[in-house]
Amino acid sequence: MLAVIRLIFILRTVIFIISAEKVFHSRDHSDAMNDIRQAELITDTDTAQRFLSKYGFIKATDGDEPSFPAGETEVSLSLDLQEGGTASRSGSPDLRFISALKEFQQVSGLPVTGVFDDATKAAMNKPRCGVPDRDEELESPEQVFESNSTTTHTHTDAAVNASDAANNTEPHVRKQRHLAALLRSRRRRDASTWTGHMAFSKSLLKWRLIGEGYSSQLSIDEQKYIFRLAFRMWSEVSPLQFVEDTHSPLEDIDIRLGFGTGRHLGCSQRFDGAGREFAHAWFLGDIHFDDDEHFTVPNMGSGISLLKVAVHEIGHVLGLPHIYRSESIMQPSYLPQDAGFEIDWMDRKSIQSLYGVCKGRFSTVFDWIRKEQTPYGEVVVRFNTYFMRDGWYWLYENRNNRTRYGDPVAVQVGWHGLPSSGVDAYVHVWNRKADAVYFFKGVQYWRYDSENDQVFTEDSDGRSYPRLISEGFPGVSGPVDTAYYDRRDTHIYFFKGSQVFRFDVRANRLASSSPQKITEVFPAVVPSNHPVGNLDAAYFSYSHNTVFLLKGSWFWRMVSGRDRRRSVSLPPNSLMPRRDVEQQWFDICDVHQSSLRTTRR
Ligand SMILES: [Zn+2]
Ligand SMILES: [Zn+2]
């Protein structure tokens, strides 16, 4: 385990040291350089106007002059005239252009001047996603989505319940559109028409890299690996799972990916050559990558990271709009400086507003304690919380309130020698005299050798493993539901059905009153709000200095010393009313088994 953590640390350090990615708009193939079309550069107000129209800042149907706040018009006009800005045929400055320019400057984090200056020019020439930032259809309140279908609409509210967090990212007027109608019509729609009410109505989505659309620069294996990784990153923060499907008829594939240049793949949009637009996505459907761009594998240090672009475009297909935060993966411009990018908090909240949060029961939960030496020679005790579900585990970073990126990982990868199907319980006996880690499964248990990161076949006391639980812990027989060690009274608490067995570690025998009913040892604070028995996991949390009992999608927290000082009427060891697991520990998400071994580590 320690070795794994050390390796991760080294890898992360290496990734960090690699200098920031540099973007080259030419491909590596120097022999083919003459064939590469270059994207039109934004150099003057005419090209800027085309840019603003293309990405939806100037609306073609916008007949009315925009209204400026009082007093602002004069300033904008004078600034525009100084720059020799665009003018309409009648000779008066084009207010729509200035208004669009301001909007672009605002979302790009530039000073909002309405002036086509060098900074604005540079921002327009950055590599970017082809999905418009502003969509004219959405601005038109009369626009109604049409469906040719006559079948009954499916109720999909549960899947598309938008939260406030996501609404904050969407400045447009929200309109109700029926997802089922959208899905049936299969009409290609631009992803920026997201209203917070569109999403896939299923959680397992099939994807395919289409044969006529392979990249000419990366091997097919590299392309597929990167796409698997990109889909996996969304799986890690949402209940969605993705699987590559190379056999089903094309119309049954939910997300089709392909590379092309200029006119491509029967798409209604053209690609612009090397530079600027690198990809675009269509709602609930297709993702196209501009093969004139220099796409590279992650952390190459040059070119455009295909992984980063793919994660962004998948976000659109799933229903996300552009999000104007530099940390967001849904930010429209390609930001080359962060090589080790992640899906940030706002992105998570946005995708979860469409598809909900991850839920599920756990077989074992525990804090893994370890001693580490600081660079100053000081020995410190650190811990992380681990969640196991069958043969897989997640490391939960309490400080950041999220799982480690790239999880879940197979139990056998993290703990060498444990059963591949996972364990029932974990106990770390930890006091002045003893420091022993045990895992329990069925009627047996193993002692873990943390130094050598593997189970003991024989420990220093001459005991060989696995052993029968009844031999090591007289009075307790397996299988147990779960267990934990309480440092405060040096007892192991074994849970089995509706009973709890208190095992005195020092005396090596059961406490005299054991076993007892769980409801007696851990009474409910609110009558009948109690797990009663058949627990999934019991866990002593060093962060909270108290015990959590988990069952199904709920947990019960035992009152802490602090709770009892605040409220003296609370009985000792009593259980606070249940809460949802996902309200305490965020985004512990399954990924599809086909991508479990796809990891960046
Ligand atoms: Zn985009
Ligand atoms: Zn296309």
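Using N, Cα and C of the backbone, Cβ positions are placed for all residues, glycine too.
Automatic prediction, not curation, is the source of TrEMBL annotations.
According to TrEMBL, the residue from His264, His312 that belongs to the Zn(2+) 1 site alongside His280, His288 is His264. If you draw a 10 Å sphere around the CB of Glu313 (active site), it holds 27 other CB atoms from the protein chains shown. When averaged over the repeat 'Hemopexin' (420-476), pLDDT in the model lands at 93. Closest in space to Asp424 (Ca(2+) 4 binding site), of the binding-site residues given as Asp254, Asp286, His316, Met330, is Asp254, taking the CA atom of each residue.
The local packing around His316 (Zn(2+) 2 binding site), expressed as other Cβ atoms within 10 Å of its Cβ over all shown chains, amounts to 25.
Comparing C-alpha positions, His322 (Zn(2+) 2 binding site) sits nearest to Glu313 among the recorded positions Asp254, Asp286, Glu313, Ala483, Asp536.
In this structure, the CA atom of Asp254 (Ca(2+) 2 binding site) is 13 Å away from the CA atom of His316 (Zn(2+) 2 binding site). Checked against Tyr465 (phosphotyrosine), the recorded positions Asp286, His312, Glu313, His316, Ala483 differ in C-alpha distance, with Ala483 being the nearest. Ranking the binding-site residues Asp286, Ala483, Asp536 by the distance of their Cα atoms from the Cα of His312 (Zn(2+) 2 binding site) places Asp286 first.
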